[in-house]
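Summarising the annotation, TrEMBL assigns active site, proton acceptor to A:Lys259. The NAD(+) binding site annotation in TrEMBL covers A:Gly16, A:Ser17, A:Gly18, A:Asn19, A:Trp20, A:Gly21, A:Phe119, A:Ala175, A:Arg325, A:Lys352, A:Gln354. Annotation source TrEMBL lists substrate binding site at A:Lys142, A:Arg325, A:Asn326. What TrEMBL lists as domain 'Glycerol-3-phosphate dehydrogenase NAD-dependent N-terminal' is A:11-192. Per TrEMBL, the feature domain 'Glycerol-3-phosphate dehydrogenase NAD-dependent C-terminal' maps to A:248-395.
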2 protein chains.
Amino acid sequence: MTVNNFTKKHKVTVIGSGNWGTTVAKLVAENCAEHPDTFEKDVQMWVYEENVTLPKDSKHFDASIGEQPQKLTHILNTYHENVKYLPGIPLPHNLVANPSLVDAVKDSSILIFNLPHEFIGNICRQIKDHIAPYARGISCIKGVSVTDDKIELICNYVSDALNIYCGALSGANIASEIANEQWCETTIAYNTPLVDRRDENGKPVVTGESNDHTKQLTPLPLDYPPLDHNEWSLLFSRPYFTVSMVSDIVGVSLAGALKNIVAIACGYVEGHGWNMTAKTAVMRRGMQEIIRFANEFFPGQIEPRTFWEESAGWGDMIVSCTSARNWRCSKLAVERNLPIEEVEKTELNGQKLQGISTTREVSSFLRAKGAEERYPVFMAVERIIDQEIKVEEIPKLFK
Amino acid sequence: MTVNNFTKKHKVTVIGSGNWGTTVAKLVAENCAEHPDTFEKDVQMWVYEENVTLPKDSKHFDASIGEQPQKLTHILNTYHENVKYLPGIPLPHNLVANPSLVDAVKDSSILIFNLPHEFIGNICRQIKDHIAPYARGISCIKGVSVTDDKIELICNYVSDALNIYCGALSGANIASEIANEQWCETTIAYNTPLVDRRDENGKPVVTGESNDHTKQLTPLPLDYPPLDHNEWSLLFSRPYFTVSMVSDIVGVSLAGALKNIVAIACGYVEGHGWNMTAKTAVMRRGMQEIIRFANEFFPGQIEPRTFWEESAGWGDMIVSCTSARNWRCSKLAVERNLPIEEVEKTELNGQKLQGISTTREVSSFLRAKGAEERYPVFMAVERIIDQEIKVEEIPKLFK
C-alpha cells in the first residue's frame, strides 16, 4: 500500500443488514480496518431496528437481562454478531450498527445498497437530502424494475433518485458461504464517472468536449483518494472473495436478474427427473436469451464478455441453477406436485421468490413488445408456473 | 422431407461399438430408417470382435447354446442389443454389426469415428486404401494429440491420414442417458469442403479463384444428395438429441479435450469440501484459459461463440465438472486421500482417465512454449495430481 497525502478518507455506509447485507458489511469493514489510508476505519451499517430476544442457550445470554427483548442494534454493537440474520458469524468491531438511516449515511462518500429491492424507492426518498452530493454507490441488489413498457436497472434507479452515480455488484455468491469465508468470486460493474477520473498526477481528466451525462454530477472532491476500479477492488476483495472489476453495469444487472427465470426452469427440469445434460441445455439456451434480451432492449450498452466470462454471467447462472432458492423451490414444486407459489408460501417464511415476479414481469414486457417468439425459454417458464404446459414439452418448445 | 432424384444415397458406417459408439450408431440408424431419400437404410457398425458368454439370467439366454461363448457381432445381429457395452438398450434392426473393418467401410460416403483415441492411427492405416475417395467423416472422439512441439486435432489427423474431410461432434453428452433417450444437446462442427458446396440448383459452387486446401479433395459425386449442415443435422438429430451445426472444428475439438483438465480441478475442489460457488469459479477461469489457449495456438481459427454459446463449450464444461468421470475420480482421490492414478486403477476397470494424460500433455506443451504463466489453472492441476501443491492454495494461485 502506498502512503498518500489526501486529507480525507472515504467513509463507508452499508444500507441494509439482512443476511447478504451483513455479510457484505463484514468484508467491507475488514478491508476498511486494513487500508486506513483510503478508508475511515469505522463502517456504518444501517439496521432496520427491531427487538430481539436472546434465548437462554445463546452464548450472549445475559442473566441480568434475562429474556427481555433487546434492540438489534444494541446486540450488534455489544456482541458483534447479527444474531437474527447472520447468527454464529463474528463481525469486525469497527462495524457500527446504526438505527438512524439519515445519521448512518451522513458524510459518507461510499454507499452500499443491500436490501430487498421493493424497499429501495422508500430508502432513496428518505436519504436524498441527507447524503453527500459527491457520494458514490454500489448496489448489491439483484433485479430490475420492469413494467410493460419500461425496464430499469436498480443501480440506475438509485443513480437517478439520488443524483449520484451507482454501480452494481453481482456474482456466483451465496451469503452464508462468504460469511464463513469460503472462497468465491464476484463481479463489480462501475463505470467511473467522467468527473471523478484523474490522471497520473491526480488531476481531473474532465475536458469541455465530452457530452457524458456524468459531467453533471458533483465531482468527488480532490482531497479524497480517487474512487476508481482499484479502490472498489480494495474495498471488496478478501482472500476468500475475489473481485473482478468491469464497466458494464447493464450486463451485470441483467444477468443477475434474468438468470432467476432460467433457475426456475432448471428446477422444473430437475424435479421432473431429467439429468444434468438436460438442465445444462436449458441453462445454455437461457443464457442465449439473456444476451439476446440485453442486445435487443439495451442496444450498444453491454459487453458480451460480461455474460460469457464473468462471475456475474455464466458463474452466477451455474450456481443459481444448481444450488439457490429459485431452483430449489421449482424443483420442490414438481416433486410435491404443487404450484410453485404454494411451495414459496411453505418454504420461505413469508419471503418472496424473486424469480416468479421477474418471470411474470419479463413475460408481460415481452408480450407488450411483441417479442415472445424470440424468447421461448422465458415464455415457457411462465406457462409452466401457471401449469398451462408440462415440463415434458420443453425439448419441443425449444426447437 | 422433399423427394429428390439422386440415384445414390449416403451409406453410413460407424467405426467403433463401445458405449458411446453404439449409442451414436443407434440414433444414426434410427434416422437412416426415417430418411430413405437421403440415406441407405442399413447402417454398418464395425465391431472389434470378441467372444461373449450370455449369463443364464440374460433374456437372450438360449438353453440350446448354453454358456458357450458367442461372437459379439452374432449377438448384436441376432438380438439387436450390445450386451457387453450398452446392455438393456434395444437397437434398430437396420444397424448391422460387422467384424471386418475393411468390409464395413466399403462404398460408404459417411464414416463416423467413435473409438478410444489411441486406436485411431491404426484404424486409419487399415482403411486408407479401402474407403471411397469422396467419403466424409465425423469424429466423435474427444481429445487432441499433443506433443511438446505440436498439438493436433483428432478430426484433422483423420482428414490428413485418409485424405478426406472430417468434422467433429462434441457436447454435453452422457452416452447412457442418450441411449435411454433422455433429452440433451450436442454440437457438430463441419466446415463443408469447397468442392462439396452446391448452389440452389445443385450445381457445384467451386471456382478457380480460391486457394482453399479442400479443393484438392475428391468431390462428393453429384449423383449423391449433398452433404452439408442440413444433411448432417438430419443424420444426427433425434427428438431426444438436439443438434447445433457450426463450422468451427478447432473450437469444438479444443473445448472437448481441454475441459477435462478443468473437470479434474473441480473434482479436487469439491472433494475438499468446497462449495458450488468455488467450483464455479474454477470452471469460469478454466474456460478463460481454454479460450486463451485456442487464440494463442490456433490464431484466427476459432469462433469465440463456440465456447460461450454452444453445447460443446459451456454446456460440456458444466456437465463434465458436475457429473462425469474425470471429476468423479479426482473427487474420490481427495476423499480417499489417494493419488488420482490409484483411483483410476480401482474405479475404471483398466480404462484410463483422459483428463490425466491431457493435463500432462498440455502442461508439457505449455512449458515447451514458455507459456505457463498465462495458464495457472492448467498448470496447477498437474501439480495437484502430483501432490506438489494442495487444493487449499487454489485461490492464491489464481490471483
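Just so it is clear, glycine is given a Cβ too, placed from its N, Cα and C backbone atoms.
Structural mapping of features recorded in TrEMBL.
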| residue | record | Cβ contacts under 8 Å, 6 or more apart |
| --- | --- | --- |
| A:Gly16 | NAD(+) binding site | A:Met45, A:Trp46, A:Phe113, A:Asn114, A:Leu115 |
| A:Gly18 | NAD(+) binding site | A:Tyr85, A:Asn114, A:Leu115, A:Pro116 |
| A:Trp20 | NAD(+) binding site | A:Asn114, A:Cys140, A:Ala175 |
| A:Phe119 | NAD(+) binding site | none |
| A:Lys142 | substrate binding site | A:His117, A:Ile154, A:Ser170, A:Ser253, A:Gly256, A:Ala257, A:Asn260, A:Gln354 |
| A:Lys259 | active site, proton acceptor | A:Gly286, A:Ile290, A:Asp316, A:Met317, A:Ser320, A:Cys321 |
| A:Arg325 | NAD(+) binding site | A:Leu348, A:Leu353 |
| A:Asn326 | substrate binding site | A:Asn260, A:Ala263, A:Ile264, A:Gly267, A:Ser320, A:Leu353, A:Gln354, A:Gly355, A:Ile356 |
Cβ-based neighbourhood (8 Å from the centroid) of the substrate site, residues A:Lys142, A:Arg325, A:Asn326 excluded: A:Asn260, A:Ala263, A:Ser320, A:Ala324, A:Leu353, A:Gln354, A:Gly355
A:Lys142 (substrate binding site) in three-state DSSP notation: coil
The domain 'Glycerol-3-phosphate dehydrogenase NAD-dependent C-terminal' (A:248-395): DSSP-derived helix, strand, coil residue counts: 113 helix, 0 strand, 35 coil
Model confidence over the domain 'Glycerol-3-phosphate dehydrogenase NAD-dependent N-terminal' (A:11-192) (mean pLDDT, whole number): 95
Cα-Cα distance, maximum over A:Gly16, A:Ser17, A:Gly18, A:Asn19, A:Trp20, A:Gly21, A:Phe119, A:Ala175, A:Arg325, A:Lys352, A:Gln354, record's NAD(+) binders, Å: 20
Neighbouring C-beta atoms (10 Å sphere around the C-beta of A:Gln354 (NAD(+) binding site)): 21
Collapsed DSSP category at A:Gly18 (NAD(+) binding site): coil
Site extent for substrate, whole Å (max Cα pair distance, A:Lys142, A:Arg325, A:Asn326): 14
